[in-house]
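First comes the structure, then the notes that go with it.
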Amino acid sequence: MERMLLLSPPSLAARPERLNTILSSHSRYATDLQMLDRVAAGLVSLPQSTYDIVMLLTDVDGLGTGSTSAMGRGVIQSVVRALRPGGKFKRENGTFPSTECPDNTELMLAGLVFDDTGGLLKPDFGPENIVPLKLGKRKPVHSVSSNGTGTSGPHVNMQLSTGSMLKGQTTTIKGVGFVDFTDDPSLSEADIYSGQTDDELIDEETLLDGEDMGRPIIQPPECRPKAGKRRRACKDCTCGLAERLREEDKAARAKADATLETMKLAPKELAEVDFTVQGKLGSCGNCALGDAFRCDGCPYIGLPPFKPGEEVRLLSNDVQL
């Protein structure tokens with residue numbers, strides 16, 4: 001019994017009486033019904049090589065424009081896979097247009113062909129057969145035997161069961177040929193791999209003259225400094241910006257190191273202040289000169305100038321100016 005698949009456009013879903021009329025004219029045991037929009041959306045997958053006939057139903061208006069517009073490439077490929085070899089794909093209201101119609105391009109690209117009745121047919125190429133390929137006979141190789149006579153036939157390495165060669169016959173095993181890519185065939189292999197050849201080496205510096213060396217270096221736009229930002233060199237800078245920035249950083253680092261060297265104090269230049277012993281001065285040496293010359297953390301802040309080592313006394317807790 002032939003299996004049939006009915007593809008219904010979405011407009012027939014609102015007319016159940018129309019669907020019942022169509023289904024009543026076909027066998028319910030061998031007929032399946034699928035909505036075209038669900039197949040196009042991928043919600044329904046059609047079984048492969050199952051149906052002998054796939055019929056595309058028309059719309060409610062009978063024109064078939066809705067069903068034709070929903071037949072995309074994915075739906076056509078699903079229909080072709082669902083057809084058995086030799087199966088037919090046809091429309092309810094008649095045949096498909098001629099092969100010159102642009103709407104049939106996807107149908108023909110999917111592998112369907114037009115039959116005599118105007119429908120589309122999936123070709124049946126029959127079962128796959130294995131075709132043996134016969135190789136031609138090997139051409140005989142002409143060789144010269146030990147006695148000087150020419151012989152023809154395949155070059156066979158003949159050996160006895162004991163592994164010894166036949167007396168009076170010598171065989172030569174042909175190896176794999178190598179291709180020599182050198183231009184000079186007179187060079188030995190050692191000279192080629194060692195690089196000792198007569199080829200003249202060209203110094204790159206001789207290719208530039210004084211005029212070329214004096215030309216200004218054209219700086220690419222991406223290497224030019226931007227306003228408010230420090231210039232940065234590219235990763236593979238060739239305009240000299242990387243070397244210039246490296247020299248500037250080196251000079252700035254040397255200047256900072258020189259400044260730090262002048263600020264360093266030797267151990268002999270450091271003095272420890274002990275305020276419990278009279279006659280000791282601070283490391284700045286300005287403690288006795290007054291507040292104008294004292295440091296922020298000096299313990300003598302607020303006291304009048306005094307001589308080093310002199311005991312200062314304030315009478316009646318009055319500040320002496």
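Every residue number used here counts from 1 along the chain in the order it is shown.
Cβ atoms here come from the backbone N, Cα and C positions, even for glycine.
Over in Swiss-Prot, the protein carries these features:
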type	residues	note
REGION	1-131	region 'N-terminal SAM-like domain'
REGION	132-213	region 'Linker'
BINDING	Cys223, Cys234, Cys237, Cys239	[2Fe-2S] cluster binding site
REGION	223-239	region 'Fe-S binding site A'
BINDING	Cys284, Cys287, Cys295, Cys298	[4Fe-4S] cluster binding site
REGION	284-298	region 'Fe-S binding site B'
MOTIF	284-287	motif 'Cx2C motif 1'
MOTIF	295-298	motif 'Cx2C motif 2'
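Known features from Swiss-Prot, placed on the structure.
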| residue | record | DSSP (3 states) |
| --- | --- | --- |
| Cys234 | [2Fe-2S] cluster binding site | coil |
| Cys239 | [2Fe-2S] cluster binding site | coil |
| Cys287 | [4Fe-4S] cluster binding site | helix |
| Cys295 | [4Fe-4S] cluster binding site | coil |
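If you count neighbouring Cβ atoms within 10 Å for each of the binding-site residues Cys234, Cys239, Cys287, Cys295, Cys298, the highest count belongs to Cys287. Using Cα positions, the member of the binding-site residues Cys287, Cys295, Cys298 nearest to Cys237 ([2Fe-2S] cluster binding site) is identified as Cys295.
For the region 'N-terminal SAM-like domain' (1-131), DSSP puts the residue distribution at 43 helix, 30 strand, 58 coil. Cys295 ([4Fe-4S] cluster binding site) sits 53 Å from Cys239 ([2Fe-2S] cluster binding site), taking the CA atoms of both as reference points. Taking all protein chains in view, 15 other C-beta atoms sit within 10 angstroms of the C-beta of Cys237 ([2Fe-2S] cluster binding site). Calculated from their C-alpha atoms, the gap between Cys234 ([2Fe-2S] cluster binding site) and Cys287 ([4Fe-4S] cluster binding site) amounts to 57 Å.
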